[in-house]
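Look at TrEMBL and you will find A:12-34, A:64-86, A:92-110, A:141-160, A:189-211, A:223-251, A:257-277 tagged as transmembrane segment.
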Amino acid sequence: MDAFLQYTVQGLAAGGFYALAALGLAVIFGALGVVNFAHGSFYMLGAVASAVLLDVLGIQFWAALVIVPILMFIFGIIIELLLVQWLLKLDILYNFLLTFGLSLVLVDLVKRQYGVSGLPYELPAGLGGLLQIGSVEVPSYQLFVFLFALAVCLVVWFVLSKTRVGMIVRAATEEPERARALGINVSAWVTPVFGFGVALAGLAGVLAAPFRAITATMGTNFIIILFAIVVIGGLGSVLGAVVAGFLVGLVEAYGQGYAGTFSQVLIFVLMAVVIAVRPAGLFGRKEAV
Amino acid sequence: MSTDLETPLPTKFDVSDFDPRARRARSIRRLLLGTIALVAVLGLPWWVYPPIAVDIAAWALFAISVDLLLGFVGALSFGHAAFWGVSAYSAGLIAQNFGLPFPVAIVGGAIAAMIIAVPIGYLAVRRSGIYFAMVTLAFAQMIWFVANQWKDVTGGENGLQGVPKSFFGIELIETEAFYFYYVVVILIVAGAWLAWRIVNSPFGRVLVAIRDNSARTRALGYDVEKYKLIAFVLSAGIAGVAGGVFAISHGFVSLQELDWTTSGKVVLMTVLGGMGTLWGGPVGAAVIVLLEDRLATSGFDGIGIITGSIFILCVLLFRRGIWGTAKNLIDRARAGYAKRRS
């Protein structure tokens, strides 16, 4: 039972990264119709950026948690204006391929600059210890990641569904023509939304920095798991991305705890089951193929 | 769902079929292209270092197998490394454990790839478009994990070492890459011919119909999923031949063969060469293999920066690819010529 609780916390923390990043992926897909293959690389850049900020400028974790997403937001806007926007009108595969090429470039650039061994990063002050819950000790940082990610997801959900900005973004996403007719400059909204999605990936990267190995290739397996997550959750669905993100985090943690070496395979088995039973994903709409 | 991949339909029933002069021009053109292809296939190991020639041939067939799905079914497989890699491991194991001549091992590898393609394809064809790409990528990664963990069979991170090239004791072929090339190229050409036959068959017409409008094809009474699955398995078999050739040629198999970057690389070759053209893939394969060889020998360690940039430029500015652009230019020149004559 104790072990179970520990795996649960571990899974919820891992699920926190997945949920944040998958949320970014879902928002970008929703607003631009782009499946961003470079999302794993943006996550990696978030982690690398926090390590570099610490090393060069001495910027600590808590400041990085704010600065890195802002930097990634700007970076995302540059990428959107420079590359992604030219292919928005074409088949979705083109931007998928474009962002794949981009991820190759980003990974090898980081590899050349910082080598293949991991960059050092320490647990932030105050979160390095263990927390006593009943008879179980869980690392407090993992609990923090879970709660923080959950809070961010809730805020994003609130903004999208309850505020005027969210309403405009949803209108621009679902009915671009009608939104235009009502005087909303749809294309002006698309670019910041892409930046926002990239910022979420970067934020997941900052959270991952203290307890994952920070390497150039840390995003490559991550993006494939993210794809499995959005397939499980349903690609068009923001709620699906978050729920499936936490679900996959838990499956991964329990797998590591109980199934050992084949734990990663479990995620794909879960995906296969979902495709077989509900091809549109857990929260996907039928027509969203 | 229609996919606008900017690939013109391969028009089979051309008006020019009934014009004897145009027919003669067409058969001359075919003869010319066939001669160029034959010279390229036979001359390759004379112009480039023979082991590289074998690599180009293997990647060329691999790219053709991807284009069979991408260009003619409209389904981008981002997990074709699964079939290339499964075949590479299977061919390697067959050659190592049974001492059979390598063509047998390669065919065995291709069969293994087709077997593994059945369940993956069964699930993947239930989704189309971008989902298909993500699902194939995810399943390929699953196979990678299994191979990584199943160390007794695959050797884990060490891979399979010392795969023999036995060929009825003919030493020249077993040791000289130059002569080895001429044996494996028969398998490669057979695979390419199979792809060409598939595309130019009634079955291939149905595939193109699915690509252009799957709902209408279904309404016409075709079992869309079944057709896609058969195409997927055939494509996996062709990729398997390519992977087997690659494994035997190198004499070892590593996890790299199953890696997602291998899937990405072959998609790059296909797109660079020109998707939906079938013969663009080999052109793209030759460009990328030679480029990577040049970069590796010059000691440059950021190959992804170059190939990724090529990919971005190709997708942004050059979507028809090398073969598609060349074909487009020739077609336009011909149309202009015909216009001036009439």
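Including glycine, each Cβ sits where the backbone N, Cα and C put it.
Just so you know, TrEMBL annotations never went through curation; they're auto-generated.
In this chain, the transmembrane segment (A:141-160) lies in contact with the transmembrane segment (A:223-251); the count of Cβ pairs under 8 Å, excluding pairs fewer than 6 apart in sequence, is at least 3. Counted over residue pairs 6 or more apart, the CB atoms of the transmembrane segment (A:12-34) and the transmembrane segment (A:92-110) come under 8 Å in at least three pairs, which marks the two as touching.
Only sequence-distant pairs (6 or more apart) were considered; of these, fewer than three Cβ pairs between the transmembrane segment (A:189-211) and the transmembrane segment (A:92-110) are under 8 A, so the stretches are not in contact. The list of residues near the transmembrane segment (A:64-86) in space but at least 6 beyond its ends in sequence, with Cβ under 8 angstroms from a Cβ of it, reads 32, 34, 38, 42, 45-46, 49-50, 53-54, 95, 98-99, 102, 190-192, 194-203, 205-207, 209.
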